[in-house]
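If you check Swiss-Prot, you get these features:
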type: BINDING; residues: 96, 106, 134, 224; note: substrate binding site
type: BINDING; residues: 224, 248, 252; note: Mg(2+) binding site
type: BINDING; residues: 288, 289, 290, 291, 292, 293, 294, 295, 296, 297, 298, 299, 300; note: NAD(+) binding site
type: SITE; residues: 141; note: site 'Important for catalysis'
type: SITE; residues: 192; note: site 'Important for catalysis'
């Protein structure tokens with residue numbers, strides 16, 4: 001099969017980890033006789049340097065003509081000053097909005113070989129395997145009104161409003177139900193319905209949509225309680241769905257269960273994934289650009305590689321090939337190979353490129 005992909009390496013360690021991801025994808029393509037055509041674009045700080053914007057209209061148009069988009073990392077400390085008119089992260093928000101990417105899917109799975117690499121006790125994280133679904137294009141991050149001003153008394157004020165429509169809630173909740181019905185048939189919906197009106201609407205919509213999925217057990221959990229339970233009993237969860245802000249915070253918390261943010265992939269989809277469907281999506285590791293370790297060959301490429309596996313599953317309809325990559329990663333980790341972020345005594349320490357080579361070798365490319 002033939003596929004057209006837009007590749008956005010981005011900032012910091014982005015180009016390095018993307019190289020390893022494409023190395024693995026090329027091995028899969030060779031083994032299964034697929035063709036992936038790559039077209040490259042700029043996003044983030046490197047785009048600001050060249051074009052004055054964090055995402056150019058040309059790059060967005062390129063993405064829209066692709067079967068999927070691969071992104072590595074966005075962020076540059078040179079643009080951290082909040083007074084600057086444009087920031088690298090603006091490109092990511094524009095990409096999500098411009099491509100209609102409303103559903104962020106983040107698997108959190110602890111490899112057996114890494115249970116002692118996390119800050120949580122091994123007996124607690126062992127067996128952790130759940131999926132976070134975060135709404136991406138609504139809520140406080142896309143606030144209207146959103147403003148900052150100074151009062152006549154000289155007091156600085158700012159406001160961001162959290163707004164959700166029932167349509168926005170329903171479509172992301174259906175993503176949760178669709179994934180839950182093909183797993184353990186258990187869905188946890190996270191909100192703050194004891195305080196926020198938007199969360200009360202969220203909970204009401206979840207209850208209504210649940211009628212279409214009688215086989216799925218639904219539980220409503222307040223966001224603060226969820227934050228505690230993720231640490232106390234992560235194996236309790238299977239599929240979690242929540243709004244934008246809560247999801248942003250909770251998914252970073254959950255990343256520590258896996259030992260490193262360098263282990264976790266993500267998919268941002270423009271549709272509801274169901275068996276037999278191909279959904280346009282953006283695929284990226286959850287980690288940042290990590291500029292302090294860029295160009296040192298020490299960044300962990302596994303999150304990018306696993307993001308490519310998710311692309312094969314959701315946007316290309318290639319489940320066997322996706323499992324091939326995931327299995328190769330598991331085997332390499334089980335053999336004791338590790339990048340510096342997950343390294344422990346007894347492991348064989350590898351650099352970025354060397355980890356990519358080992359996973360490629362396991363696939364047979």
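A Cβ is built for glycine as well, from the same backbone N, Cα and C atoms used for every other residue.
It is 32 Å from the Cα atom of residue 296 (NAD(+) binding site) to that of residue 134 (substrate binding site).
Comment: substrate site residues 96, 106, 134, 224; largest CA to CA distance 27 Å, whole number. The Cα of residue 288 (NAD(+) binding site) lies closest to that of 252, out of the recorded positions 96, 134, 141, 192, 252.
The recorded positions 192, 224, 292, 294, 298, 300 include none with a CA atom within 10 A of the CA of residue 248 (Mg(2+) binding site). Across the structure, residue 292 (NAD(+) binding site) and residue 192 (site 'Important for catalysis') place their CA atoms 37 angstrom apart. Residue 141 (site 'Important for catalysis') counts 18 other C-beta atoms within 10 Å of its own C-beta, drawing on all protein chains shown.
Of all the binding-site residues in the list 134, 224, 252, the shortest Cα-Cα distance to residue 298 (NAD(+) binding site) is found for 252. Among the recorded positions 192, 252, 294, the ones whose Cα sits within 10 Å of the Cα of residue 224 (substrate binding site) are 192. Within 10 Å of the C-beta of residue 106 (substrate binding site) we count 23 further C-beta atoms, all protein chains included.
Per-site Cβ counts within 10 Å over the binding-site residues 292, 296, 300 peak at 300. Taking each of the binding-site residues 290, 294 in turn and counting other Cβ atoms within 10 Å of its Cβ gives the largest count for 290. The number of other Cβ atoms within 10 Å of the Cβ belonging to residue 288 (NAD(+) binding site), over all protein chains shown, comes to 16. Looking only at the recorded positions 141, 192, 252, 294, 300, the one with its C-alpha closest to residue 106 (substrate binding site) is 252.
If you take the Cα of residue 141 (site 'Important for catalysis') and the Cα of residue 300 (NAD(+) binding site), they are about 29 angstrom apart, rounded to a whole number.
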